């Protein structure tokens, strides 16, 4: 570890702190239908969209209507993406003449992935997807799935803020305003910033260039005979990368235009582009904590939530940085000390232009949020370094979290935290003037149980059946970690992976696809039910026995609730995976 590395980590957190209030105020004004500086340009576009789609922007919805609208929109969007992949060969902007995405289970997996904001990729983007599919299919879903998440979070906040109301907003209006005001303007500026750093943006066919030094490759055929081939050229992929890269991060989507994701120099060429991408992942989620405080009338509560998130983030990034900077004890003959000429530590799977500090920071950010973008290979981290991204997702990605998803996930933990506080003082728990009753706790626990149930059931099946174990590259505890990470990432709508697992198989494509859909929609519905129930309730003035939700004590209780419910649920599985691998690594055994 180095002072420069810590400075970069603290600089990043300082930037997020600086943007929290202005962005939070802006989003509160947008969703409260207050005037903003963008209204003269965007209001006419918004009204035109409503006229074309026959949406009455003054008509609000009950939580059930809100949920149905969200489910129908997502289902139609997913079907459209599936069809687009299957007829890709006949669509424009396909200079490489890529055929239909095949087999069908891969197209299903990809459609489920981008619809749910997961962006899990069981394919190599530059070898499978045409420019049209990337732009009209995947990038479109990057915008819309992020907008759905923001809409759900805003609906939940309205449920807390409103009194004796049957409605929580209009899904179509919330989603439209999320796209027009929150996502598009910032993505336009961000894409231009990335282009200035060297991220490509074109519709050119792939380039073929001659290698400076020809390479010889020896392969073994099915008959057992080996043959040597001399490679003299290389194909360099092109494409509209910058426009997709920025919404990939700003919308916490994570799916890369290229298979190497944000470690590819065409996606993330410089340290400055790396900072822009990391900042984009956390910005909206941090701002939503201030939006929560502003819309509910308790700004200090918003900061208390921000503080809990920041504390968990700092612990996570510190552990990853320490684990990776410490290096691998099995490589005693390799110089792993930090110096002016090298980053030191475990550099396997990391880009030298970023080093260990920025790779550890990026990995923590992308798994704290439901993003899944990577600038280094998580599978090549040390056991403890790789465990932190895994645990971050297991906590339901509430450490700032995905756009919208992090906020409504955190609100579930808040409901459970104030319920626990109420039990300790022997009175009905209250949250910002609303009594938390049995129905609310049941729905919150339903969310808390669905997540680990999906993960552990699918992981258990994959660990004992040959169609699951046959995809493992590394045996032993690391193989279990690869399986566990796949289903944690899918169910948590993250999308990152331990790349040693071969996932483009019928079992993993279908199982992870189902996990992604369940992790998104089976959790959103109970959340909306809580929002609808809270909106109906009367305001109860705070009394001497009310547990304050604006203090450091509340932040500590919230952190404890997250760790107990989130992390301890998976502790047995972690003990058999990364923890066991760490102990065996220090005993001299590798996998």
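Just so it is clear, glycine is given a Cβ too, placed from its N, Cα and C backbone atoms.
Transmembrane segment is the annotation Swiss-Prot gives to one range among 510-530, 531-551, and that range is 510-530. Check Swiss-Prot against the ranges 137-157, 158-178, 200-220, 221-241 and you find transmembrane segment recorded for 137-157. Which of 104-124, 251-271, 272-292, 335-355 counts as transmembrane segment depends on Swiss-Prot, and there it is 272-292. Within the same chain, residues 12, 15-17, 19-28, 31, 150, 153-154, 157, 182, 186, 190, 193-194, 197-199, 245-246, 249-250, 252, 262, 299, 301-303, 305-306, 309, 354, 358, 361-362, 365-366, 368-369, 371, 373, 375, 400-404, 406-407, 411 sit at least 6 positions outside the transmembrane segment (272-292) and bring their C-beta atoms closer than 8 Å to a C-beta of that stretch. When Cβ-Cβ distances below 8 Å are used as the criterion, the transmembrane segment (179-199) is approached by residues 26-27, 30, 36, 38, 42, 45-46, 143-144, 146-147, 150, 241-243, 245-247, 249-251, 265-270, 272-273, 276-277, 280, 283-284 of the same chain, each at least six residues removed from its ends. When Cβ-Cβ distances below 8 Å are used as the criterion, the transmembrane segment (63-83) is approached by residues 107-108, 110-112, 114-116, 137-138, 141, 144-145, 148, 151-152, 155, 159, 168-172, 175, 520-521, 524-525, 528-529, 531-533, 535 of the same chain, each at least six residues removed from its ends. When Cβ-Cβ distances under 8 Å to the transmembrane segment (405-425) are tallied for each of 137-157, 444-464, 510-530, the top count falls to 137-157.
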